[in-house]
Amino acid sequence: MSAVAATTGTSGATACGKTSGELRHVAIIMDGNGRWAKKRFLPRIAGHRKGIEAVRAVSRGAREQGIDVLTLYAFSSENWRRPAEEISDLMGLLRHFIQTDIDELDESNVRLRVIGDHNAFAPDLVALIDAAVERTSTNSGSTLVIGLNYGSQDEIVRAARKLAGRDPATIDAAALEAELDTGDLPPVDLLIRTSGEQRLSNFMLWQAAYAELLFVDTLWPDFGKAALAEAVATYNLRERRFGGL
Ligand code: IPE
Ligand code: IPE
Ligand code: MG
């Protein structure tokens, strides 16, 4: 293992052997639902509802483009700060999405995964999510990861707790990475945030160490297959160096 790979763990080891053209993992901060609704004088829930259509379109588009892993940030560990009514609307939409879309995902050979501490959700929703994850766990076509009550800092703290008590000499980047919710998933190659905001909002801080970042002005409900294809085209023009030359 090279010195770089040794210090950066498996992300580095994987990344070092890659060329700019390979795109295995796309992660998206789906932002702008509220502003999409506001522009139309609609309640925020209308934007979230339209956002689910974008989720469908983009996950289909990712499959068509042969992207192995698509991660979507749906509810952050900070989103509990929103009004109770909006949180409850979001939970309702999540419940509905899983119920209506699980068949298509399963039939499309998609493995559904969740990152974040979704056990904080209502017990029936936790059971629904767990059943969907379990049902698709042996699918091998592609992976759809949904961030639910996800925050990178919380994820890293939970990983650190799992490592506590181990011989410090055995704790390296690869060991910590293995305990993250993304465990066996490849590092993020392309991280997209919609709606014009240019921040990470506690998303994939570890996994995006060498990701290409793309901030687009499009509001999430207006993002679709074409916008994803455009993002991939932009990615393909980027030169990734991973610290080398
Ligand atoms: C993203 O849209 C969806 C979630 C965070 C759940 P927002 O709800 O953040 O929309 P804006 O940022 O208010 O427009
Ligand atoms: C980030 O969007 C979280 C999700 C997309 C789930 P937010 O709209 O919550 O982020 P901030 O508050 O503007 O940083
Ligand atoms: Mg927002």
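Each position is counted from 1, following the chain as shown.
Keep in mind that glycine also has a Cβ here, set from the backbone N, Cα and C atoms.
Computed from a predicted structure; not experimentally measured.
Feature annotations, courtesy of TrEMBL:
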BINDING   Asp31, Glu212  Mg(2+) binding site
ACT_SITE  Asp31  active site
BINDING   32-36, Arg44, His48, 76-78, Trp80, Arg82, Arg193, 199-201  substrate binding site
ACT_SITE  Asn79  active site, proton acceptor
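Here the features listed in TrEMBL are placed on the structure.
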| residue | record | Cβ neighbours (10 Å) |
| --- | --- | --- |
| Asp31 | Mg(2+) binding site | 22 |
| Gly32 | substrate binding site | 26 |
| Trp36 | substrate binding site | 23 |
| His48 | substrate binding site | 23 |
| Ser77 | substrate binding site | 19 |
| Asn79 | active site, proton acceptor | 17 |
| Trp80 | substrate binding site | 11 |
| Arg193 | substrate binding site | 23 |
| Leu200 | substrate binding site | 16 |
| Glu212 | Mg(2+) binding site | 21 |
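Mapped onto three states, the DSSP output places Asp31 (Mg(2+) binding site) in coil. Neighbours of Gly34 (substrate binding site), defined as other CB atoms within 10 A of its CB across all chains, total 21. Under DSSP, Trp36 (substrate binding site) is assigned to a helix (H, G or I) in the three-state scheme. When the alpha carbons of Trp80 (substrate binding site) and Asp31 (Mg(2+) binding site) are compared, the span between them is 16 angstrom. Counting in whole angstrom, Trp36 (substrate binding site) lies 18 from Asn79 (active site, proton acceptor) by their C-alpha atoms. Leu200 (substrate binding site) is 11 Å away from Asp31 (Mg(2+) binding site) when you measure Cα to Cα. The two recorded residues Leu200 (substrate binding site) and Glu212 (Mg(2+) binding site) have their Cα atoms spaced 13 Å from each other.
DSSP classifies Arg193 (substrate binding site) as strand under the three-state reduction. Separation of the C-alpha atoms of Asn79 (active site, proton acceptor) and Arg193 (substrate binding site): 16 Å, rounded to the nearest whole number.
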